[in-house]
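**Q** Sharing a structure with you now.
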Amino acid sequence: EDKTYTIGVSIPSATHGFMGGLNWHAQDTIKRLEAIYPNVKFVLATAGEPGKQVDDIEDMLATRNIDGLVVLPFESEPLTGPVKAVKDAGKWVTVVDRGLSQPGIEDLYVAGDNTAFGQVAGEYFRDNLPSGAKVVILRGIPTTLDNERVDAFEKAIDGSGIEVLDKQHGNWNRDDAFTVMQDYLSKYPKIDAVWAADDDMALGVMEAIAAAGRTDEMWIVGGAGMKEIIKRVMDGDKQVPVDVTYPPAQISSAIEMTTLHFVSAAPVSGRFIIGSTLVTPENAAQFYFPDSPF
Amino acid sequence: MRNLSLSTLGPLAALILLVVLGTFLNANFLSAGNITNVLARSAFIGMIAVGMTFVITSGGLDLSVGSMAAFIAGMMILAMNAMLPTLGIGVPLVLAGMAVALGVGLLAALANGLLITRAGIEPFIVTLGTMGIFRSLVTWIADGGTLSLDFEARQFYRPVYYGGIFGITWPILVFAVVAVLGELAMRHTRFGRYCEAIGSNDRVARYSAVKVERVQLMTYVALGVLVGLATILYVPRLGSASGSTGLLWELEAIAAVIIGGTALKGGYGRVWGTVVGVLILSLIDNILNLADLVSPYLNGAIQGVIIVLAVVLQRGKSSAEGR
Amino acid sequence: MRNLSLSTLGPLAALILLVVLGTFLNANFLSAGNITNVLARSAFIGMIAVGMTFVITSGGLDLSVGSMAAFIAGMMILAMNAMLPTLGIGVPLVLAGMAVALGVGLLAALANGLLITRAGIEPFIVTLGTMGIFRSLVTWIADGGTLSLDFEARQFYRPVYYGGIFGITWPILVFAVVAVLGELAMRHTRFGRYCEAIGSNDRVARYSAVKVERVQLMTYVALGVLVGLATILYVPRLGSASGSTGLLWELEAIAAVIIGGTALKGGYGRVWGTVVGVLILSLIDNILNLADLVSPYLNGAIQGVIIVLAVVLQRGKSSAEGR
Amino acid sequence: MTPALALQDVHKSFGPIEVLHGIDFALRPGEVHALIGENGAGKSTIMKILGGFLTSTSGQVLLDGQPAPYRSGAEAEAAGVVVIHQEFNLAPDLTVAQNVFLGREPGRFLLDHRAMRRETQALLDQLDCRVSPDARIRDLAVSDRQMVEIAKALGRKARVLIMDEPSAVLTHREVEVLFRQIDRLRASGVALLYTSHRLDEVRHLADRITVLRDGAVVRQALRGELTEDGMATAMVGRDLKDIFPPRRDSFGPVVLEVQGFSVPPVVQDVSFTLRRGEVLGISGLVGSGRTELAEGLVGLRTHRGSLRREGQAITLHSTADAAAHGLAYLTEDRKELGLLLDKSLRENLTLSTLGRFGRLMISRPAEETALTRAIEDFDIRTPRRDMAVGNLSGGNQQKLLLAKTMLPDPQIVIIDEPTRGIDIGTKSQIYHFIDRLARDGLSVIVISSDMPEILGLSDRVLVMRQGRVAGELQGDAITETAVVRLVMGTTEEATADA
Ligand SMILES: Nc1ncnc2c1ncn2[C@@H]1O[C@H](COP(=O)(O)OP(=O)(O)OP(=O)(O)O)[C@@H](O)[C@H]1O
Ligand SMILES: Nc1ncnc2c1ncn2[C@@H]1O[C@H](COP(=O)(O)OP(=O)(O)OP(=O)(O)O)[C@@H](O)[C@H]1O
Ligand SMILES: [Mg+2]
Ligand SMILES: [Mg+2]
């Protein structure tokens, strides 16, 4: 047990709520694990764009002598090569959330399910809106995962007679969502529901609706499981009837399992998909983390 | 004079064209609600851009305003949450929050201004540096997440964004006042005159008994206070601040200033042109949301084209030769 | 001369300090692997920054380089995937891809340059517009996702980034060549001399029989070709292009130029200063990864402080007076 | 009587080079004191020290017998010491009125635009200057800018007024206006310091003369003690004879034929010819369109009309085109259009002819050789070769500009104000240089506001008035009266007289 291990953790920087939560969980987990296992060291790097993330991983390999890497790829394609290089150097690789574009590189895969994320929300819409109902969508930053979510959502409501009026980019940002929603409200006299696809955006949307005085007209479904939204669901707020999880805490599981691989003999490799669950007033309490910044 | 009138009317013409276009595309475009929305949203960037007009006119530049806004919002929220137990919810709390915002804005800008005027470092570098510093600090204070104003306090503070008098909301009123005062300051006060003189030729200004460093410092400080003011109106809107608050506001503010006809090299500032520039930028976004485009992916492209066209309208070949 | 040597040595001193710091922080800092990594990744911004030095020296500005790189990468990948069935995997495919990259870069830059020099619109506005346009187009073509080079083709193309001769990888070699040629062009050719003259006073240049517009156009075109060249080396590294490719490269490139001692107002360009500037920026990132900081949230703040310090080292109060 | 302002053993060094070596002299109220000396002798430096814009390395400035309490130009101005700088000191983006009042705008909180405009107008009227107070400085001709500069200084209510070559860019008539103002100020007890390279002005104006040579006072004299020749000799340190070369008498064929040439909006329908080996002088008032004509001829302005070069019709769209046809132009505005002030002598000298200094790479040694030659040929006095041109003395800048214009070996040179700010010794050298060019088969057009120069140099004189050719004089017909009459617009009599 004298051997020390270094684990690199490379994630996107905290540019929006979800990533902020993920950053918080990563740091929190690292702090906790470092206290438990004195012989494990962690190297955390955050990147604002794919190129920088590749730089970070290169640096970890070249200067920090990492034994394992936990990576949440900014984008799948550009990170595939560099992560493969880590693997080829004989290191342990854990991939989180966004799969690499080439199968079989990672030892461990921990992820949320973007298709399920869109699908669960879509199914809720299908089941709770009459045919002919009108909805608007706020999309995230243009990325593959955003496409997956929206496609899954649209597939889920396909044939239900629900009409999608519009889908603009709110960039997972409260301010942008506020603006887009204001303009939706000017443009469409009747909106029955909003899929905001992210809890940060949901907050911006709610504000715009409140300002327009149309609070009773429509409900909103966000996503990811931000504590404020979960709280509302828990309290039975009619405006936010449900939420769909996409837990930022998945990074904790990934880091923990990777650490376990080094400090114990436990077999941890494989794929762990953390499904997206519908948070309802009944089950909300189990998704509520008041200490997290997200 | 001939030249002036052309370049003065240019941005206005672009603005009018956009309004006409918006009206065609969507009947609700001219509704009171939409107009209020657009104007109120423009107010933040607007106030900042008015301040930026002075900085650019006197030959400076400030890239840090967006992150400064985030930083001020963060500090303001922290301060208000901290003072809540003592002051209780009410006007004193809000006033204290506002004082903090203006104070932090002033200090942050003073840091920029002193590094630029006393240490003599290029404004681009100084404000690029502080841009990173301010934004990092917010993210750090917020622990990567969002700083939120206490719910009750926010409910009390909310009318500062959404409320108003005579059916005009506060952000619009404050923006209008700032714009008018800015125009006055630029055209009719020594400060504005000195900004133009310094931007035109700082040695001449120095030889003519203008306190060049002091005026330059004042432009940065004024900008900082305006960023503080913008933040005061921004915080009640969503009640939160995070690392992504005010992202790219600097670019938008500078773009508004240049679209409005102020020269990037300094020497010539037009505050009301800046106001028109801000409105043009807001309207582009609004119209893109109201219209049904082929693909929202192309929003950026259309924005780009309109920005360039707005300026083409204003400056033809002829005036390019003149300058 | 005294002034000059101070400001020439400034950025170099900052660079050396950073190297010393890095060596202290981590024993592997000076390892061949790390040095290769840092230099190779500096190469993209580096080549662009060398081109940007000429643009800025002649009094221009280009905000579109980052999105231009994304656009070029997208077009290059599209073209290579399309030609794959005909050409098969091999040198011709890669050469054809390179030709597309250089060609697209040239055309994109020509669009910028012509709008600026012929239509007489401020460079800031033109390139702000095309920045939005290029990036939107990539996002649109990629349908919001990522454009990927065919896997086999990429394997074949990969050595262009990772391979090299004499243990030096291609990006480093190409960057070195570009830097040396750039320095030569700036110091010892008519083109460089004209750039400085135009930036110093374009009217004097015009009266001295310098073809001002043509030289300015050439600076943009050269920059575009260099962006194309950078993309040629970038694509084999990441094998894909998306809306976030090359994000904020423009800011980094401009910052490198200014840190290197070139004046933002034009008239005075220093290519090797730019190279030092690029290295400083890369090293900051590298060193942040070498050390364990309090919090990664503060990376931006540390970056900001170092950038400002690097320039403080270089320009004290004294030289601020000199200008 | 205590002098209003005095220097006591003032030394001044720029870096290691000392340019003033212990200067003593005094300005008295109600007196015009002239400071004369060769280019680079240190006149402007003295004036800047007096005005608080430079601090002396050692020695003292005494204001009313006390050490001067000011440390900047602004403070000096507050103490009543006002300087009209040799180089323009106007913000190009601001209007005339804005510049005249820069730093002392009236109005409590808001600026009083009307008062500024009114008082500016009054000042301009006093100077017979017809520039609008709302005109932007950038759009003004050099001479108008100089008048604005004078107006700006007059507006500042000086008790000591220091004028650094105010007349260099002015025409005869404007100089007279300026002199009237100087007389008025002298009568009202202002102490005046004046420099000029036009020695007749000095003789006419000065109550007291200080002659400077290489940074030291070599002679002080009272009114009437020095003749113009005496001044020139004291300045240059040797006798000057034959300032102007003898007239040339044989000319070659026509090399340039200008027909119906217009440069909108000023120049209308100008026609003339130019022969090989000829010096054509162009005279006229400020704003008569001489500069615009010249700039049109070398393709710097849009123009109409035909140009024939040795019989071939040519069209010119830029100075590069003009250069290709052997035409060169020396601008009257050396600060804004002629020289890159923050670049070295070498870079300025070769800018328009870089193509000759190496194909791909510029040859530094070749440039240096050219600079060495230029320094010799034009007697450019510079403390260091690698200095920024902006730090050269005004006259030496002008010499460098001349050298730059002549470097391409043009066949036809148009020189707008060739000897502005150049000392009498060098002036003579330049006249002989122009003469040599003409004798070597070049053709020279000299645009000048300096009457003796026009008279002494030209083989033919073209007089312009309000954008048109008012008349042409040749050979013995070139007399001061004839030219002045044409300039003023009494054409018939003038030709009759001749
Ligand atoms: N800032 C400076 N740095 C270095 N040298 C300078 C500077 N200013 C002036 N000099 C030098 O000082 C000397 C005196 O210059 P000054 O301008 O006083 O001459 P001047 O008598 O006014 O000449 P002119 O008749 O040509 O105007 C010159 O050799 C000039 O090059
Ligand atoms: N009639 C006019 N209307 C308007 N502007 C005029 C007119 N005449 C001259 N100007 C302007 O006055 C200025 C002087 O013209 P220009 O320089 O050609 O005259 P000049 O004879 O060379 O005088 P200077 O001695 O000042 O060089 C120019 O800027 C010109 O545009
Ligand atoms: Mg002088
Ligand atoms: Mg003239």
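Every residue, even glycine, has its Cβ placed from backbone N, Cα and C.
According to TrEMBL, the record shows the following:
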type	residues	note
TRANSMEM	C:12-32	transmembrane segment
TRANSMEM	C:38-56	transmembrane segment
TRANSMEM	C:63-83	transmembrane segment
TRANSMEM	C:89-111	transmembrane segment
TRANSMEM	C:123-142	transmembrane segment
TRANSMEM	C:162-184	transmembrane segment
TRANSMEM	C:217-235	transmembrane segment
TRANSMEM	C:247-264	transmembrane segment
TRANSMEM	C:271-288	transmembrane segment
TRANSMEM	C:294-313	transmembrane segment
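For each listed feature, how buried is it and what is near it?
**A** Note on the transmembrane segment (C:12-32): residues 167, 276, 279-280, 283-284, 286-287, 290-291, 306, 309-310, 313-314 of its chain, located 6 or more positions outside it, place their CB under 8 angstroms from a CB of the stretch.
Taking Cβ pairs closer than 8 Å, the transmembrane segment (C:38-56) reaches residues 62, 65, 69, 123, 161, 169, 171-172, 174-175, 178-179, 182, 185-186, 191-192, 195, 199, 219-220, 222-227, 229-231, 233-234, 249, 252-254, 256-258, 260, 262-264, 266, 269-271, 274-275, 277-279, 281-283, 286 in its own chain, all 6 or more past its ends.
When Cβ-Cβ distances below 8 Å are used as the criterion, the transmembrane segment (C:123-142) is approached by residues 55, 60-64, 66-68, 70-71, 73-74, 78, 108, 111-112, 115-116, 241-243, 245, 250 of the same chain, each at least six residues removed from its ends.
With a threshold of 8 Å between CB atoms, the same-chain residues lying at least 6 positions outside the transmembrane segment (C:162-184) that come near it are 32, 36, 39-44, 46-47, 50-51, 53-54, 226, 229, 233, 236-237, 271-272, 274-275.
Only residues 6 or more beyond the boundaries of the transmembrane segment (C:271-288), in the same chain, are considered here, and those with a CB under 8 A from a CB of the stretch are 8, 11-12, 14-15, 18-19, 21-22, 25, 29, 34, 37-39, 41-42, 45-46, 49-50, 52-53, 179, 182-183, 185-187, 252, 255-262, 299, 302-303, 306-307, 310.
Nonlocal intrachain contacts for the transmembrane segment (C:294-313), taken as residues 6+ away from its ends with a CB within less than 8 angstroms of a stretch CB, comprise 10-11, 13-14, 17-18, 255, 258-259, 280-281, 284-285, 288.
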**Q** When you scan the chain for residues with a C-beta under 8 Å from the transmembrane segment (C:89-111), skipping those not six or more beyond its ends, what do you find?
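**A** Sequence-distant neighbours of the transmembrane segment (C:89-111): 64, 68, 71-73, 75-76, 79-80, 83, 130, 134, 152-153, 156-157, 160, 217, 220-229, 231-232, 235.
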**Q** In the same chain, who gets a Cβ under 8 Å from the transmembrane segment (C:247-264) while lying at least 6 residues past its ends?
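**A** Cβ under 8 Å, 6 or more out: 7-8, 10-11, 44-46, 48-49, 52-53, 56-57, 61-66, 69-70, 127, 131, 199, 270-278, 280-281, 307, 310-311, 314, 323.
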